[in-house]
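Here the structure comes first, spelled out in structure tokens, and everything after it is commentary.
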Amino acid sequence: EEITAHSSNVSSLVLGKSSGRLLVTGGDDCRVNIWAVNKPNCIMSLTGHTTPIESLQINTNEELIVAGSQSGSIRVWDLGAAKILRTLLGHKASICSLDFHPFGSFVASGSLDTNIKLWDVRRKGCVFRYKGHSEAVRCLRFSPDGKWLASAADDHTVKLWDLAAGKIMFEFTGHTGPVNIVEFHPNEYLLASGSSDRTVRFWDLEKFQVVSCIEEQATPVRCVLFNPDGCCLYGGFQDSLRVYGWEPERCFDMVLVNWGKVADLSICNSQLIGVSPAQSTVSSFVVDLSRVTKSDSVPCGLIRDNEPLVPPTPTGSSLRRIYDRPSTSCSKPQR
């Protein structure tokens, strides 16, 4: 499906992750437009910004939208009421990344000014500023338990921040190019990052070390998404969707998809949806995940060529701890 989303270039776009059917686009025309995936007509157009929209995010229950502009201003809209809830000012340059906290009414923003800010949407103010990156912050993600924030930047690093202590827990180095995307595993203490250096790296959040690195001689890694049950990671490249495992690193499957600069992925009813912008249009693509190999489960007696037989890797909780642990008293994080 292809839609003409704006009167000028589409500068950012994001998919709703719970329904997988909500698409929000931002344009150089300073508008934020809302769509249902695969439907040609715009549901709602939100105005208020005066410079191009550079970053967008939808909250978990798809009731709020936050948009950051080239000038550094951030606006939060209530979708039900179709009105601006908050205007958040404080960044000195273009907003490159946004994320909603999974439970609280907090938004994190990352900017070309290298700062990360945590905002309380109800109280309108900046709660905290995290300084540490030396270049633009391209992606922000809260952990599933809401205790940490991961940031990826053009300075080739991924940083993990402790929200309660207000300080950095660890800096992951190893990428040799700008890091475009970072994503938490849905259950385990594991983080994935994708970079313009054409690699996907997996980081252990207990031992603070690299688990594995997938090196594809393809194109920059634009977006990654864990399968909801955490069994594999999907990587969006210029011309393909790749399905990865990380212990050990391997590619389970590859689907040729000519989606170009794929900007976001979401999953809905065993369908993976990808969206990509091209000038004023947005294209959406669907991959049937029921036909995609997601693990090493090879039928008995079938041995793949050139592959030694290895005992199956233990999955899930036997490898590393999982998020939904009982909350303990706040302790200072160890470097």
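Quick reminder: no glycine exception, Cβ is built from N, Cα and C everywhere.
Noted in TrEMBL for the protein shown:
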type	residues	note
COMPBIAS	326-335	compositional bias 'Polar residues'
REGION	308-335	region 'Disordered'
REPEAT	3-45	repeat 'WD'
REPEAT	46-87	repeat 'WD'
REPEAT	88-129	repeat 'WD'
REPEAT	130-171	repeat 'WD'
REPEAT	172-213	repeat 'WD'
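Counting residues 6+ beyond its ends, the repeat 'WD' (88-129) has Cβ neighbours under 8 Å at 54-60, 64, 66-76, 135-142, 144-146, 149, 151, 153, 161, 163, 166 in the same chain. For the repeat 'WD' (130-171), residue counts in helix, strand and coil come to 0 helix, 23 strand, 19 coil, using DSSP.
When averaged over the repeat 'WD' (172-213), pLDDT in the model lands at 95. Here the repeat 'WD' (3-45) has, by DSSP, the following mix of helix, strand and coil residues: 0 helix, 21 strand, 22 coil.
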